[in-house]
Amino acid sequence: MPQVSSVTLNDQGFATEAEQHWNLGSPALIEAAVSRGEGHLAKDGPLVVETGQHTGRSANDKFIVRDDETESTVWWGKTNKGMTPEHFAALKEDFLAALGDKETLFVQDLFGGSQPEHRVNVRVINELAWHNLFIRTMLVRPTAEEQGAFEPEYTIIDLPSFRADPERHGTRSETVIAVNLSEKLILIGGTAYAGEMKKSVFGLLNYLLPLDSVMPMHCSANMGPEGDTAVFFGLSGTGKTTLSADASRTLIGDDEHGWSDTAVFNFEGGCYAKMIRLSEEAEPEIYATTRRFGTVLENVVMDPETRELDLDDGSKAENTRGAYPIDFIPNTSEKNMGPVPKNIIMLTADAFGVLPPISRLTPEQAMYHFLSGYTAKVAGTEIGVTEPEATFSTCFGAPFMPRHPSVYGNLLKERIAKGGVKCWLVNTGWTGGKYGEGSRMPIKATRALLNAALDGSLNNEEFRIDDNFGFEVPVAVPGVDTAILDPRSTWSDKAAYDETAQKLVGLFINNFEQFAEHVDQNVREAAPNAA
Ligand SMILES: Nc1ncnc2c1ncn2[C@@H]1O[C@H](COP(=O)(O)OP(=O)(O)OP(=O)(O)O)[C@@H](O)[C@H]1O
Ligand SMILES: O=C([O-])CC(=O)C(=O)O
Ligand SMILES: [Mn+2]
C-alpha cells in the first residue's frame, strides 16, 4: 500500500469531498486512465493519450505573481510576466471551487531534485489520472517511508477542464499557468499538455537553487566510463534527450539538472522524449520505450484496431511526446547523479546552416553563447511556431528562468573559472545550405563528433579559427565527412553563405546588447566578428 502523508488536502485549505487516490503506482493509474476513458493501451503496453487543443507549452499564458517576494528577485520583462495578487486570489478562489466540485482526485507527493540536500517537496493534485501518472513518471518518486513522512512544501493544482476568465483573472486567454512563490502554489488550467507540470517544477528550482549556490540548468547529462560527466544545454528540439541517450555512456537525465559543489543531479526521475519520426536505428534506446508498459505517449497516432503506433504521423501534433521512467533507458545512473562536469556542450539547431557541427569555445565564448542561447525553434513544442525560426533564449531556457540571466551566468562563470572543463558548441540543425536547401545534421555525425570531444581525442586534431564567429573548428575528424565540418564548403553559393553568416552575426550582436553591461570586457570581446 502506498503510504500517505498526514497533511491532508483539507489541512492545506483545499476543501473537497472528492474520492482521493493518493500516490498510486503506474499500473493502478494506467488502469484508472483507461477505465475513465482518458486513453488507450497500445500494442506493446504504452498508454496513448491526446492532449487536445494544446499540444505544446503555452508560454504566453504563464504568469508569476508580482508581490513583495518577487518584485526585486524576478527578472520582469519579455518572458516573466506578472500577475497581481488580486487576480491570483480570484483565480485561486475559482480553482478551489472547481476542485471542491470534483468527484475524483489523484494526488502525488513527489520530489523535484535527486540530491537530497537540494530537493523540494511538491504535491501535485490532478483531475486526470493520466496527468497524475505523467508527473509521477517525470519527478523523483519518494520511498514509501518518505511518502508517509511527506510535508508538502509546494503544491500544483492541475485542472485542464478549468477555464480562466481574462477579465476576472487577468489572464490572456482561458489557459493559465499561475505561479505564486509566496504562497508556494501553482495553478494550471485550460491546457492538458502535461509538460506544463514538469516545467513548472523546473521554474521553481530555477528560482530557489541559486540561493544555495547551485546552478540550475536546462540540460541533459551523462557520464563516460571514467565517470566523466558531460552536460548538454539546449532549447527544445536541439537534441538534449536524443544525444544524452547513448549506449556508450551512462544517462543522468534528459532535461533539467543542478550543478552543486559536489555533483550534477537530475531534477527528475523520468524522461520526456520527442516521438515524431523517431528512428529505431538512430535512437534505439528511446525507440524501445515505445514498446513498454509504463510509457505515456502524447498525441501519437495509433491504429484503433491493431493498436500499432505510427510514429511518423504528425497529424495530431508535431510535438508528439513520450514520458517514461528514466530507468527505461538501459544504462542509467542509479542515483540520477554524477560528478561535476568535465565537458559542457551547448546544442543549437541552426536553421541558417551557418554554424559548424562542432566548435571549441574559450571560457569567454562559452559565457557569450550561454547568455545568448541561440537556436531555431522547431515546430510544435510552443504554440504558434510552425517552421524553424531563429531565436535567442538566454541560458538556453529563458521561459523557465525567473531570475536575471546574470544570476545563472555568474554561476557558470565561477564553475568554468575553477578550470578543467571544456566547452563546445554543437550545431544539430541544418547543413548543406540554407534551411530549405540543406538537410538536418545526421544524428550519426553529431554522435561521432560528440564522442570525439568527450573522449578527448578531438583535442588532438587540427583546428581552424572560424572567420565569422572566432571559435575553433576541427578541420578533419576520423569517421566524419570532412565537408560538413566547414559549412561554407557545403553551400553552392559562397557569397550567399557569407551574407547569411554575417546576418546571423548581426543578430547575435544586437541580441547581446542587453547583456553588455552585465559581463566583463573579455566576454563582450568574445562576440562574433561583424565584417
Ligand atoms: N543531429 C541531430 N542531433 C540531435 N537530434 C537530431 C539530429 N537530427 C535530428 N534530430 C531530431 O531532433 C529532435 C531532438 O529532440 P530532443 O527531444 O532530443 O530535443 P530536446 O533538446 O530534448 O528538447 P526538449 O527540451 O523539448 O525536450 C529529435 O526528434 C531527433 O530525432
Ligand atoms: O517543456 C516541454 O514541453 C518540453 C521541453 O523540454 C521544452 O519545451 O523545453
Ligand atoms: Mn528533451
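Cβ coordinates are placed from backbone N, Cα and C, and glycine is handled just like the others.
Source: prediction; values computed, not measured.
Copied from TrEMBL, the annotated features are:
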BINDING   Arg57, Tyr193, Lys199, Arg321  substrate binding site
BINDING   Lys199, His218, Asp255  Mn(2+) binding site
BINDING   Lys199, His218, Gly234, Leu235, Ser236, Gly237, Thr238, Gly239, Lys240, Thr241, Thr242, Glu283, Arg321, Thr446  ATP binding site
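In this structure, the binding-site residues that sit close to ligand 1, with a C-beta under 6 angstroms from any of its atoms, are Gly234, Thr242, chosen from Arg57, Tyr193, Gly234, Thr242, Arg321. With a cut-off of under 6 Å between the Cβ and any atom of ligand 3, the binding-site residues Gly234, Ser236, Lys240, Thr242, Asp255, Arg321 reduce to Lys240, Asp255. In three-state terms derived from DSSP, Lys240 (ATP binding site) belongs to a helical segment. With a cut-off of 6 Å between Cβ and the nearest atom of ligand 2, the binding-site residues Gly234, Lys240, Arg321 reduce to an empty set. Distance noted between the C-alpha atoms of Ser236 (ATP binding site) and Arg321 (substrate binding site) is 12 Å. Among the residues the record lists as binding substrate, namely Arg57, Tyr193, Lys199, Arg321, the two farthest apart have Cα atoms separated by 14 Å. For Lys199 (substrate binding site), the spatially nearest entry among the binding-site residues Thr238, Lys240, Thr242, Asp255 is Asp255, judged by CA separation. Shown are the binding-site residues Arg57, His218, Lys240, Arg321; of these, the residue with the fewest other Cβ atoms within 10 Å is Arg57.
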